[in-house]
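In what follows, a structure is listed as structure tokens, so that the remarks can point back to it.
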């Protein structure tokens, strides 16, 4: 038998040409596809047939090489993140080393052929292998294919799309996503995602999860007010003096040095309930004349605002995630009733009015004094004296404090120094309520009138329409005003024309308190049929449809039906409280009664609200916290030993003043 001459040894094989895949043309991927690299020691023996692909397949592969197409599993920028694949390859290496050398070479050559094959050939090879696999082998493939088919979509997608996807997650899911890996954490903590999260929750209730977070932006509000005050040219309010059917009649003015009126102490709920009528009857026969000032009585501005401090440059912006987390802690405290109670004592008689911000709490009392407190420490910084009778109303901003008293006067103070800057006289009876903005001051009195004072020009005009004492006034959108009275009505006024545009009726007792949402739109759940009926009922009370339409046009409402009997509306609202033991929520533009809140056992004397909560103080010695949207009573705060005569609401605080002279503060941000 003739001996066959030994075939020449094969030329050294270029491992790159042998193993480079057609779909994964990255040279770094060779290690993944060929765990056993060809070398001088593990090349196929001369007796082993050398197999190569045809020229056509090689040409197709070369075309693919030119296209430089990379699959997800072998992209160079993603290889370092596939630690699981690398661990599996190490296990394969260990298993192959246990095989005989020839078996290692055969397996290596099979992998090399598969790696260098075109895509169509690979599919044919796999299809043939699958037809020869038994059930255990198919099960093995099924278990190993699932993790290999998982794709890190956030990493391979453009950042803009990844951030868009993450913006649809809730806060809990975002925090979980941030724990996956560093790349996910970088995306999940991005300001774009958390800014959208804050937009959905801060200052309103999220339609998906039902949670809302407090604003916590008192500093921004104060900065905005300072900018308004800093304007050199204040737009004067144009008042049509000829439109009033009650022209002012000059009469002798009341001097600040007039004889002191006898003070009366009111400390029981029955006394408070009869306060206004008793005060009116007591002074009806001995009422001295007092002037109604026209535009020439105060030729100079009522108050010169100081120049606000310059804002520091280079302020650091906080991450939106940190802002969200801060507000979430506060909201959890509100829901879990996690608060700290603080008490302020110093007044010797009932506290009738209060207001606070981040730094100060100012209270007015039946002891004829006004006290300025440090709201954090509880220290009484100063006591303002000058009124001859009890202080029933106060309001302050960064520059000034204005108080109204039963001695028929209003006083403007610099509460930082305690100096009384000016005394305004004009009402013929005690001043019960006041409100002001950057342009005008409005005050309501036992004499059933409302006076509008212009800071810039010194003009004063009078609004008449109530038949009993005015308990509350509030300026609405700069050009309008709401007022409540003992005549059980709420009136909506146009300040410029000095006319009543609409009268809201519904309370069966004296209306003691009122607050509007201003320019903010509030989401509420209202009874649809009740709203329609109330709208028809109150439409007949309007006296100037054209002006009412102009006011309504500034606050478009959004409605989305949730059921046949309820609808979620987003609009400007007015909340009122009366001695009929109820609170009512009204549509500020149409006058429709949207909801009535029952829960207090005695008359509601004071209230305050924001987009999330309503707080109300009552003669039953309690403060109730309500959900603004649904009107549900969340819980009751107790502490005062006397009737609650005034309340204030902040993002983290509730403050209540009592007829026993005490002031209580519930701080929900103390545990942040």
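Here the Cβ of each residue, glycine as well, is placed from N, Cα and C on the backbone.
For 151-197, the entry in TrEMBL reads domain 'F-box'. As annotated by TrEMBL, region 'Disordered' applies to 227-316. TrEMBL lists 229-241 with the feature compositional bias 'Polar residues'. Sequence annotations record features per position, and here TrEMBL assigns compositional bias 'Low complexity' to 288-301. What TrEMBL lists as repeat 'WD' is 344-383, 384-423, 424-463, 463-503, 572-596, 597-636, 637-672.
When DSSP labels each residue, the repeat 'WD' (572-596) comes out as 0 helix, 16 strand, 9 coil, counted as helix, strand and coil in that order.
Highlighted: of the candidate stretches 572-596, 597-636, 637-672, 637-672 has the greatest count of Cβ pairs under 8 Å to the repeat 'WD' (344-383). Counting residues of the repeat 'WD' (637-672) by DSSP class, helix then strand then coil, yields 0 helix, 19 strand, 17 coil. As a summary of secondary structure, the domain 'F-box' (151-197) carries 33 helix, 0 strand, 14 coil according to DSSP. Break the repeat 'WD' (463-503) down by DSSP state and the numbers are 0 helix, 26 strand, 15 coil.
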